[in-house]
Amino acid sequence: DNFSQVTEFILLGLSDTQELQLLFFTFFLLAYAMVLLGNVLIIVTVRTDPKLSSPMYFLLCNLSFIDICYTSVTIPRVLVALLLGHKAIAFEGCMAQLFFLHFVGSSEMFLLTVMAFDRYTAICRPLHYTAIMARGVCWALVAACWLGGFIHSIVQTVLMLQLPFCGPNTIHSFFCDVPPVVRLACADTTLTEWLMASNSGLISLGSFLVLVASYTLILAKLRAHISQGNGKALSTCVSHLMAVTLLFMPCIFTYLRPAGTLPTSKYVCVIYTVFSPVMNPLIYTLRSSEMKGSMWRLWKRCRA
């Protein structure tokens, strides 16, 4: 029992202005539709085309599934609030949203790190690629990503449930997350905030540094062989690095510090909860001629 008196929280959202709420509803609806359609198309294409059986596409299929889960944790609740004006969320619902947000979000960070390792192995150690990235190894790596995300999220949620909440109950965001919720606790949260920052912040920073290091090695390898037709691969790696930066930098800014040291802009949260999942299908798919060819063949089969 955490002795909480608060039974529900009020999510203030992004704006109280009626015109802006309509604009935000349209934006979130279009973004969610793009995430669902784009990632479902990727999953169906990979699952139905035997040519897309390499580890890269297996990991991409898992990334698409994670992005669908990640956006489904927050965006449907936001759409209901914007459409019906119902901003209250039960205490249990808030903790559940926080748990699944960190569960799926940290799993995605770990998976992106695995994907960077896959690209590094394929480009820098091509002769050993098949042995290193065998199917069983890929399944084990994906399972490890989900397990790591689960352990991280359990720690965050348990730390949060130990805090008493007795008012106020207004959250200056459009979803329940650690920084805005922990500020509402009726106790000294200094130690808890540092523990949470060490957990989420170090995961974000550590994963990002590993990604940057792997892509740096890849880019160095590609630049050394640029004359052999690796220009497109070089451009693809740069776009992938931009995509992970779009996800990790706002997360590092949000989580790598105690919640009370600096207010977190709720608009910064839009970057890693909405923009990044929308961009992932575009960046990881449209730059692959093999994937575009498979999608075209799928389209022709559907029309036949």
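Numbering starts at 1 and runs along the chain as it is shown here.
Cβ coordinates are placed from backbone N, Cα and C, and glycine is handled just like the others.
Among the features that TrEMBL reports, transmembrane segment is placed at 20-44 (among others). Counting only same-chain residues 6+ beyond the ends of the transmembrane segment (20-44), those with a CB under 8 A from a CB of the stretch are 13-14, 60-61, 64-65, 67-68, 71, 75-76, 78-79, 82-83, 274-275, 277-278, 280-282, 285, 291, 295, 298.
If you take every residue in the domain 'G-protein coupled receptors family 1 profile' (38-284) and average the pLDDT, you get 86. Per TrEMBL, domain 'G-protein coupled receptors family 1 profile' is recorded for 38-284.
For 56-75 (among others), the entry in TrEMBL reads transmembrane segment.
Taken from TrEMBL, the feature transmembrane segment applies to 95-117 (among others). Beyond the ends of the transmembrane segment (95-117), by six or more residues, the same chain brings 56, 59-60, 62-63, 66-67, 69-70, 73-74, 77, 89, 141-142, 144-146, 148-150, 152-154, 156-157, 160-161, 175-178, 181, 200, 203-204, 207, 210-211, 214-215, 240, 244, 247-248, 251, 272 to within a C-beta distance below 8 angstroms of the stretch.
Annotation comment: TrEMBL describes 137-155 (among others) as transmembrane segment.
Summarising the annotation, TrEMBL assigns transmembrane segment to 201-222 (among others). Taking Cβ pairs closer than 8 Å, the transmembrane segment (201-222) reaches residues 106, 109-110, 112-113, 116-117, 119-120, 123-124, 152, 230, 233-234, 237-238, 240-241, 244-245, 248-249, 251-252, 255-257 in its own chain, all 6 or more past its ends.
The feature transmembrane segment is assigned by TrEMBL to 234-255 (among others).
Per TrEMBL, transmembrane segment is recorded for 267-286 (among others).
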